[in-house]
Amino acid sequence: MKALQEKIVTEGKVLSDTVLKVDSFLNHQIDPHLMKQIGEEFAARYQEAGVTKIITIESSGIAPATMAGLIMNVPVVFARKRKSLTLSENLYTAKVHSFTKKETNEISISGDFIQQDDVVLIIDDFLANGQAVLGLLDMIEQAGARLAGVGIVIEKGFQSGGQLIRGRGIRVDSLAIVASLQNGKVEFMEETSTL
Ligand code: G4P
């Protein structure tokens, strides 16, 4: 997606060979116009997939997921990372280890918001090692729902998540795939929407 790549080049900051900071439009401040374009792109790619629900994880997945949900006219559910005061029964849970942050969170979704007859599109902001997506997949399986695919805003193609998820035969659509962050420079790979 050209507009996204341009935004990454103009506003992204390469913090190291592995970390890209995109706080000005995705992870802290949000660019609603870009989010709308991202939502439209996911909606176009999944228009034939019969999606009934979008699932993401708090917090930075919520903005792109909500825009896609608006355009696709389906509800958006976000997995919580912290136990909610009002969310205690009928829960699907999964453990998600973050290699980047070196911590493990138990994420959860209420059984009220994911059903056996749902066709789910997962959307998230970053795909790095794939652990967040695996946690969401685990809960979708627990619910007996069907997965349409995984939509990612920025995939770090030099980390293992893309291979891990595609290796399971799952469709992954990444709107920008970063091939390298070496020498402070962002290099992109061709976009894919393949298994
Ligand atoms: P994984 O789920 O693919 O295995 O990713 P990992 O554990 O490595 O990443 C944990 C958190 O760090 C996630 O956010 C992920 O989006 C974010 N992250 C990973 N690599 C980068 C990067 O290069 N740049 C930025 N900006 N973020 C990265 P999170 O903890 O869920 O945070 P948030 O959604 O609340 O913002």
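Each Cβ is built from the backbone N, Cα and C atoms, and glycine gets one as well.
Among the candidates Lys102, Lys156, the residue that TrEMBL names alongside Leu20, Asn27 for the xanthine site is Lys156. Long-range Cβ neighbours of Leu20 (xanthine binding site) (same chain, at least 6 residues apart, Cβ-Cβ under 8 Å): Ile8, Gly12, Lys13, Val14, Ile154, Lys156, Val178, Leu181, Val186. DSSP assigns Lys156 (xanthine binding site) to a strand segment in the three-state reduction. For the binding-site residues Asn129, Gln131, the ranking by surrounding Cβ atoms (within 10 Å, all protein chains) places Gln131 first. Those same-chain residues not listed among Leu20, Asn27, Lys156 yet with C-beta within 8 angstroms of the centroid of the xanthine site C-beta atoms are Gly12, Val19, Lys21, Val22, Asp125, Phe126, Ala128, Ile154, Val178. Looking at the domain 'Phosphoribosyltransferase' (34-157) alone, the prediction's average pLDDT is 95. Taking the centroid of the Cβ atoms of Ala128, Asn129, Gly130, Gln131, Ala132 as the 5-phospho-alpha-D-ribose 1-diphosphate site, the other same-chain residues with Cβ within 8 Å of it are Val96, Ser98, Phe99, Leu127, Val133, Leu134, Gln159, Gly161, Leu164.
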